[in-house]
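> Pasting in a structure now, in structure tokens, and then I'll have a few things to ask.
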Amino acid sequence: MSDLVSIFLHLLLFKLVAPVTFRHHRYDDLVRMLYKVHNECPHITRVYSIGRSVKGRHLYVLEFSDYPGIHEPLEPEVKYVGNMHGNEVLGRELLLQLSEFLCEEFRNRNQRIVRLVEDTRIHIMPSMNPDGYEVAAAAQERDISGYLVGRNNANGVDLNRNFPDLNTYIYYNEKNGGPNHHFPLPDNWKSQVEPETQAVIQWIRSFNFVLSANLHGGAVVANYPYDKSLGHRVRGFRRTANTPTPDDKLFQKLAKIYSYAHGWMHQGWNCGDYFPDGITNGASWYSLSKGMQDFNYLHTNCFEITLELSCDKFPLQGELQREWLGNREALIQFLEQVHQGIKGMVRDENYNNLADAVISVGGINHDVTSGAHGDYFRLLLPGTYTVTATAPGFDPETVSVTVGPAEPKLVNFQLKRSTPQAAPKRRIPNSGHRGRVLPKKVQPRAARKKETMMKQPQRGPA
């Protein structure tokens, strides 16, 4: 009898969570779908807006967590961003499908999804460029062709060429020495970026994101930093050249995780291009300045890759189900990669959490920092590392850590306040009574000359 009840409840839950239909969703449809998922899974989701587009459309995010709206210490934050280019729409539809899938599988008690939601705070932004999407969708309905129609925002700006250029600073510092992380924004950055870009920058500064992927279209490849080439310009264009980050091996692994879990990306030959293993260094493919994935790596703790997911930027509705089946496992596996490396708390001797402590790994010239709650996350490949935590006013602490291939290693730091060194005693010349310095006696020049002559030996007659 209990088995029949269990089957009935399973079917009831499956029926209540109606799947997202495989069709393109305009802005109003997208908003309805996000709130539909939230209504179906209210205890593990939250819908929030990070700002508005040029045309006033909200940039909505759907959050999945067992405590929506709350950062739990030692629980990593991960994000997906879709539709940055308005006419590259597959990512938008995949993220809607993923949202419904996470909700449905959580309610069906799929233990893999339950564990993912309970141990991770997931943020899904289906569309960063809703204005551009509406232009592209309207053109499709009118059968207007154009490779770039709807790509940019309503001001005609490519949002993936609109972030502050921090690569110049890191390339200089790699050669001459200097900071290797969290490069500051220019003083006038807000006047140089679009509303959508500004909203995303403020968003990623507000959350301690650890891992991210930016979903695009027009090719099928997993692209990892750096995007901007270190090479010299040739005829006004920056020369294509492999430009790795200090975390190059880790980024390659993250890209391969997606590529090999994808239905066909790993095969390499797609859309007339060949990429070994279905991955590429961004600058090795083509150099791109002011891109979002480099900005994430250089300004925050977040490791982001760019996923090019379809040859056709605006695939037909009939192709969406196949694309979803080809990407579903890869989307889940990539989220799970946030649980690797090391993580822990940084505290002082009184167990107060220390924010902005710097976590350095020997041999990797890129540091991360602890968040507002004192927790830090450092993605690493399996191996043995020397890890140091530092904070102003505290003695550094260094430990040796062996990282395995599965769960992240918990490494806490408890920093001791630096003991101020006693200043060496200084000899004070001409010390007089009560510590006063007595001035030297000053003689007139003539008197000094006469005194000198008198001290010289007198010569007798020859």
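Quick reminder: no glycine exception, Cβ is built from N, Cα and C everywhere.
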> Which single residue out of His24, His181, His182, His216 does Swiss-Prot record at the Zn(2+) site shared with His85, Glu88?
His216
> Do you know which of Cys271, Cys302 Swiss-Prot records in a disulfide with Cys311?
Cys271
> State the disulphide partner of Cys103 as given in Swiss-Prot, choosing from Cys41, Cys302.
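Between Cys103 and the options Cys41, Cys302, Swiss-Prot records the bond with Cys41.
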> Taking 10 A as the limit, how many CB atoms besides its own sit near the CB of His216 (Zn(2+) binding site)?
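Its Cβ has 23 other Cβ atoms within 10 Å.
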> Measure from the CA atom of Glu308 (active site, proton donor/acceptor) to the CA atom of Glu88 (Zn(2+) binding site) and give the result in Å, rounded to a whole number.
9
> Which whole-number value in Å describes the distance between the Cα atoms of His85 (Zn(2+) binding site) and Glu308 (active site, proton donor/acceptor)?
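Checking the Cα atoms of His85 (Zn(2+) binding site) and Glu308 (active site, proton donor/acceptor) gives a distance of 12 Å.
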> Between His216 (Zn(2+) binding site) and Glu308 (active site, proton donor/acceptor), find the distance joining the two CA atoms and give it rounded to the nearest Å.
5
> Quick check: which same-chain residues outside His85, Glu88, His216 lie with their CB within 8 A of the centre of the Zn(2+) site CB atoms?
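Along the chain, the qualifying residues are Asn83, Met84, Gly86, Asn87, Gly91, Arg151, Asn160, Leu215, Gly217, Gly218, Glu308, Lys313.
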> Sequence gap of 6 or more, Cβ distance under 8 Å: name the residues on the same chain that satisfy this around Glu308 (active site, proton donor/acceptor), in order along the sequence.
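Those within reach of Glu308 (active site, proton donor/acceptor), by Cβ under 8 Å and sequence separation of 6 or more, are His216, Gly217, Gly218, Ala219, Val220, Val221, Ala222, Asn223.
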